[in-house]
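Per TrEMBL, these features apply:
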- Y24: active site, proton acceptor (ACT_SITE)
- H101: active site, proton donor (ACT_SITE)
- N75, H81, D88, V102, T103, R112: substrate binding site (BINDING)
- R19: site 'Transition state stabilizer' (SITE)
Amino acid sequence: MAKNVLLINGPNLNLLGTREPHIYGSTTLADVVSEATAQAKSLGVDLATFQSNSEGAIVDRIQGARGVVDAIIINAGAYTHTSVAIRDALAGIDVPFVEVHVTNVHAREPFRHHSYLSDKATAVICGLGVFGYAASLEFVAKHMKVKKGSPKL
């Protein structure tokens, strides 16, 4: 069971709840973090959260998680479709991660159909609205096993 989890949110997710609510809904990132923190506590998980609009800051935070967290939940936002740097950071730290998206990216514009992260992710959750965060946290808390200091499924 994953005990230490890092939740990362990428660019523009700080505007969740106010940016295009007809697409992303009206729940704010603060609401998501508050609900995830409460859920983590009930699951016996220590949850750290991070949001940045900067690709480099996200890479730095991922690298800083090496040897510290059992799992990462990441909504890389638009960087999902563009960032080899975030992909390489995730691949380089040997920590399993779940890729999450509020919307169904496959039902949107064609440029959103490709993810640089999906083939490295343990799981991908999209299209569930902000419930995707809860589903991701439930998954990592209850189904990821940690063996000999190296998180594995």
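Every residue gets a Cβ built from N, Cα and C, even glycine.
Features as recorded by TrEMBL, highlighted on the structure.
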residue: R19; record: site 'Transition state stabilizer'; DSSP (3 states): coil
residue: Y24; record: active site, proton acceptor; DSSP (3 states): helix
residue: N75; record: substrate binding site; DSSP (3 states): strand
residue: H81; record: substrate binding site; DSSP (3 states): helix
residue: D88; record: substrate binding site; DSSP (3 states): helix
residue: H101; record: active site, proton donor; DSSP (3 states): strand
Fewest other CB within 10 angstroms, which one of the binding-site residues N75, T103? T103
Nearest of the recorded positions to H101 (active site, proton donor) by CA-CA distance, picking from R19, Y24, N75, H81, D88? N75
Indicate the candidate from R19, H81, H101 with the smallest number of other Cβ atoms within 10 Å of its Cβ, considering only these recorded positions. R19
Neighbour count first, Cβ atoms within 10 Å, every protein chain included; then name which of Y24, D88, V102 tops the list of recorded positions. V102
Sorry to bug you, but what's the C-alpha spacing from V102 (substrate binding site) to R19 (site 'Transition state stabilizer'), rounded to the closest Å? 13
I need the CA-to-CA distance for H81 (substrate binding site) versus Y24 (active site, proton acceptor), whole Å please. 18
Rounded distance in angstrom between the Cα atoms of Y24 (active site, proton acceptor) and V102 (substrate binding site): 7
